[in-house]
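Per TrEMBL, the feature (6S)-NADPHX binding site maps to 53-57, 131-137, ASP164, ALA281, GLY344, HIS395, ASP474. Annotated K(+) binding site per TrEMBL: ASN54, ASP127, SER167, in sequence order. Sequence annotations record features per position, and here TrEMBL assigns AMP binding site to LYS440, GLY441, ARG442, ASP443, THR444, GLY473. What TrEMBL lists as domain 'YjeF N-terminal' is 1-227. The domain 'YjeF C-terminal' annotation in TrEMBL covers 246-528.
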Amino acid sequence: MRAIEQAAFDGGSATGIELMERAGQGVVEAILSAYPDVEQGHRHALILCGPGNNGGDGFVIARLLQERGWGVECFLYGEAIRLPPDARANHDRWAAVGPVVAFNDWRFGLRYGVRMTGDVAPTVLIDALFGTGLTRPLDEPLDRALRELDAAFPKGTALRVAVDAPSGLCMDSGRPLAPGPQEELPLRYDLTVSFHRRKLGHLLAEGPDACGSVKVADIGLDQAALRASRPELRETLAAAVTEAAPRAYELRKGGEDNPGGHKYDYGHALVLSGGPGRTGAARLAARGAIRVGAGLVTVAAPGSAMAECAAHLTAIMLTRCNGASDLGAVLEDERLNALCLGPGLGVGSATRDMVITALGSRRRCVLDADALTSFAGSAPTLFAHLHSRVVLTPHAGEFARLFPDIWRKLAETPTGGPAFSKVDATQEAAARAGCIVLFKGRDTVIAEPGGRTVVCAAAYDRATPWLATAGAGDVLSGMITGLLARDIWPVTAAEIATWLHVEAARTFGPGLIATDIPDLLPGVFRAIGV
Ligand SMILES: NC(=O)C1=CN([C@@H]2O[C@H](COP(=O)(O)OP(=O)(O)OC[C@H]3O[C@@H](n4cnc5c(N)ncnc54)[C@H](O)[C@@H]3O)[C@@H](O)[C@H]2O)[C@@H](O)CC1
Ligand SMILES: [K+]
């Protein structure tokens with residue numbers, strides 16, 4: 001954001017004061033459009049302004065609301081003379097028409113605020129204390145004062161709006177920078193209004209719970225024009241983390257280059273199954289792979305589990321595989337171009353050997369679940385065999401087993417900003433493993449070594465808590481494998497599959513079970529125009 005803003009200033013397309021005005025306008029418009037009812041009844045806003053440009057936005061909002069006839073109380077945490085220039089200008093503009101209460105003694109300030117409001121309790125509480133510039137945990141007295149405010153105006157009594165960021169939330173990581181080890185923010189919000197783009201902090205970790213909902217106000221920064229006019233920005237922008245998208249054109253079959261496509265044009269995925277009574281996970285993965293459009297899918301099961309698999313599989317083929325040497329023989333068929341190992345495979349040396357055989361074949365490969373856990377304590381052995389066409393799909397527990405030191409950094413209470421984030425952790429893991437790492441969760445992060453990083457947040461309007469159900473991860477592994485079979489670039493395959501997985505769950509709603517997911521894909525494809 002800093003680079004984009006600086007380029008806009010240098011190119012003369014905007015001044016800081018103009019951007020701040022648009023930011024303040026954006027917040028007011030977002031509030032009125034999301035909560036039109038606040039214009040009814042007594043219109044009273046309590047605005048907390050901080051020592052940086054976030055505070056500057058607060059003073060713009062104060063002025064704009066007052067112009068609309070609102071009662072506004074404005075508090076400043078910090079000293080007016082030390083505000084940066086644009087914020088200072090807006091402070092002075094507001095101070096000419098309304099009071100600014102110094103909030104350095106927060107206890108006094110709060111009592112004063114509560115007394116001043118008297119029976120005119122605020123209908124809107126606006127947090128313009130800190131935005132992207134938060135660099136250290138909230139000071140203890142400030143944190144305490146915000147908790148008092150939380151008690152004085154409990155959530156639900158006044159609409160709570162955060163400007164750009166809930167104060168105390170690190171916008172690079174979504175992690176609270178609060179004093180003390182409890183890692184909990186003093187306030188939660190109904191609405192967070194951000195500028196230009198959602199930031200990582202809105203999507204990762206605690207971000208969604210703290211923000212409530214996020215609206216993005218356009219402040220007139222034209223990223224494409226900036227990229228064209230400022231070639232040196234290209235690298236900064238290319239390195240930026242993006243949000244997952246479905247990329248319907250990648251999923252389409254047929255088309256101009258291949259109108260009469262043959263099933264082998266869409267690859268042949270092989271999913272390895274565990275023994276009798278443990279074949280369900282592989283069958284779920286296989287169904288995910290075929291629904292996502294792999295031309296053919298075969299389940300490779302131990303002899304003892306063949307009958308069980310055969311009883312359940314129809315469109316999916318079946319082959320016998322009793323271990324690593326059988327797998328080597330199966331892989332002599334060069335049409336098998338994408339492999340899935342892990343779901344229900346069992347933890348131990350047999351799985352390790354099969355993984356090493358699979359990786360030795362240099363096929364595109366997804367390693368999940370037991371294939372990852374089998375290397376707990378011997379991760380370097382796994383890393384030695386990995387290559388750039390492999391996707392690892394750990395959840396938090398599996399991630400901790402493979403990358404214990406990186407996991408520890410993520411688990412530590414942050415003492416400053418930017419805090420170590422799930423994006424940092426996934427990028428480090430990908431660099432070490434030398435392959436794509438898809439670190440699962442509500443905030444799934446996908447990173448390619450030294451390349452793209454994508455976040456897929458199942459939050460806000462894409463929140464799908466019912467996706468936390470047995471077998472959902474197996475389906476995801478299969479979907480990625482199916483896309484790899486279709487020759488889609490691994491990091492893109494991981495991105496598309498993760499997006500589709502959430503979308504399928506979203507269309508179904510509560511009550512979802514893993515077996516539903518593959519069969520929801522055709523509906524999703526229709527909806528996104530595949
Ligand atoms: N041109 C721009 O840069 C624009 C910025 N905008 C706003 O400006 C914000 C970023 O402004 P800034 O970079 O000034 O940063 P902030 O306003 O988020 O805060 C930075 C200030 O807080 C201090 N600080 C950091 N952590 C603290 C802590 N725990 N306790 C006490 N003080 C602390 C810093 O020393 C600095 O003075 C954005 O979030 C956005 O709201 C918008 O007005 C749009 C345009
Ligand atoms: K804020």
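Every residue, even glycine, has its Cβ placed from backbone N, Cα and C.
The CA atom of ASP127 (K(+) binding site) is located 9 Å away from the CA atom of ASP164 ((6S)-NADPHX binding site). In the three-state DSSP scheme, ASP127 (K(+) binding site) is classed as strand. A Cβ distance below 6 Å to any atom of ligand 1 is met, among the binding-site residues ASN54, ASP127, ASP164, by ASN54, ASP164. Closeness to ligand 2 is met by ASN54, SER167, these being the binding-site residues among ASN54, GLY56, THR135, SER167, ASP443, THR444 whose Cβ falls under 6 Å from the molecule. Rounded to a whole number, the distance between the Cα atoms of ASP164 ((6S)-NADPHX binding site) and ASP443 (AMP binding site) is 19 Å. All protein chains considered, the CB of ASP127 (K(+) binding site) has 28 other CB atoms within 10 Å.
DSSP assigns THR132 ((6S)-NADPHX binding site) to coil in the three-state reduction, placing it in neither a helix nor a strand. Among the binding-site residues GLY56, THR135, ASP164, SER167, HIS395, the residue whose Cα lies closest in space to that of GLY473 (AMP binding site) is HIS395. Under the three-state DSSP scheme, ASP443 (AMP binding site) falls in the strand class.
Comparing Cβ neighbour counts within 10 Å across the binding-site residues ASN53, ASN54, THR132, the minimum falls on THR132.
Note: the K(+) site is recorded as ASN54, ASP127, SER167; in the same chain, LEU48, GLY50, GLY55, GLY58, ALA128, LEU129, PHE130, GLY131, ALA162, VAL163, ASP164, ALA165, PRO166 also have Cβ atoms within 8 Å of that site's Cβ centroid. Around LYS440 (AMP binding site), the same-chain residues six or more apart in sequence whose CB sits under 8 Å from its CB are THR393, PRO394, HIS395, ALA396, GLY473, LEU476, listed in sequence order. Counting only residues at least six positions away in the same chain, the Cβ atoms of ALA244, LEU438, VAL455, CYS456, ALA457, ALA458, THR498 sit under 8 Å from the Cβ of THR444 (AMP binding site).
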